[in-house]
Amino acid sequence: MLLYVTLILGCWSAFSESAETDVAERANKRPIWIMGHMVNAIYQIDEFVNLGANSIETDVSFDKDANPEYTYHGVPCDCGRSCLKWEYFSDFLKGLRKATTPGDSKYHAKLVLVVFDLKTGSLYDNQAYDAGKKLAKNLLKHYWNNGNNGGRAYIVLSIPDLNHYKLITGFKETLKSEGHPELMDKVGHDFSGNDAIGDVGNAYKKAGVTGHVWQSDGITNCLLRGLSRVKEAVKNRDSSNGFINKVYYWTVDKRATTREALDAGVDGVMTNYPDVITDVLNESAYKAKFRIATYDDNPWETFKN
C-alpha cells in the first residue's frame, strides 16, 4: 500500500512539474493572431478557420445614411482574390454569431477575434458618429443577441480615416444608452490609414480611447512595403508611455515576408493564406518564440516577455 501511495505521489509530482513547465513555456511565447483577409461571405468563415486562421477580417460598406449595409470590398482588391463576394451585414453577423457561440453546430472554438474593416470613405466626416451608433445597434442585435448568449469573439473596429474618430464615440455611447456598456470590454480599435503614429495617438485622445488599441500597417499584396512603420509601432507598443497594445501587418502571403514580420515583433499577421503563416510558426526557430493565440489570450493586453 505504501509503495502504491509513493508511486501515485511520484506520478502526480512529475505531472505537476510538467504542467508548470508547459504554463511557463506558454507564458514566454508571444501569442499570434492569424487574420484571414477579406472574409466577406459566410461560407468563407469555415474556409479560413479550417486553413488555420484564429481571426478574420471583414469589410463593411455603408449606405448614404451611414447604415452598415454589406460585407463587401469591391475592386480593386488583393491579387489572386475575388473582390466581389458579399452578404448583407446583418446576415453576416448572424452567421458570425453562430461560428463564435459555444454549443452551436457551426461553432469554431479557434475563432477568437474579428476585425471589421470599416469602409467609411463613402461618408462625410460629420456622419462618423451616426455610423458608430448604427454599427453598435447592428452588432448588439445581430451578433451579441442583445446581451443574451451572443457571439464571444473580440471585435476590432478598424477605421481608415483619423477624422472619423467620432465613430468610436458614437459606438461607445450607443452601447451605454442601450444598457450594455460592458460589451465595450470586447471591443478594440485600429486606425488603418498608415498615418504617422503621433497623429494616430492624437485621434485616440480626441475619442477618449486609453486602451484596447491595435495598430495596423500594410499594403495590398500586389505591392511591396517595408517594415519601418511596423518597427515604429512596435517601439511605441513596448515603451513605457506608448498607447499601442498590439501591432499587425497586412497583407502577408509569403513565407519570407511572414518571417520578416515576426522578426519585427508583430502580434498579428493578416493573410490570404493562413496555412502559410501556420507553416512558418511551426518552423523550429519560430515555434520556440511564438504560439497561436487562443481565447484565453487577452487581445488588449500588451505582451511582456
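A Cβ is built for glycine as well, from the same backbone N, Cα and C atoms used for every other residue.
Record source Swiss-Prot places Cys83 in a disulfide bond whose other cysteine, from Cys77, Cys79, is Cys77. Between the candidates Asp91, Asp104, Asp117, Swiss-Prot assigns the Mg(2+) site shared with Glu57, Asp59 to Asp117. Counted within 10 Å of its Cβ, the other Cβ atoms near His73 (active site, nucleophile) come to 24, all protein chains included.
The number of other CB atoms found within 10 A of the CB of Cys77 (disulfide bond), across every protein chain shown, is 21. Within 10 Å of Cys83 (disulfide bond), judged by CA to CA distance, lie the following recorded positions from the set His37, Glu57, His73, Asp117: His73. Of all the recorded positions listed here (His37, Cys77, Cys79, Cys222, Asn282), His37 has the Cα closest to the Cα of Asp59 (Mg(2+) binding site). Residues Glu57, Asp59, Asp117 make up the record's Mg(2+) site, and a Cβ search at 8 Å around their centroid adds His37, Met38, Val39, Asn40, Thr58, Val60, His73, Val115, Phe116, Leu118, Lys119, Ser158 from the same chain. Glu57 (Mg(2+) binding site) has its Cα within 10 Å of the Cα of these recorded positions: His37, taken from His37, His73, Cys77, Cys79, Cys222, Asn282. For the binding-site residues Glu57, Asp59, Asp117, the greatest number of Cβ atoms within 10 Å around a candidate Cβ is found at Glu57.
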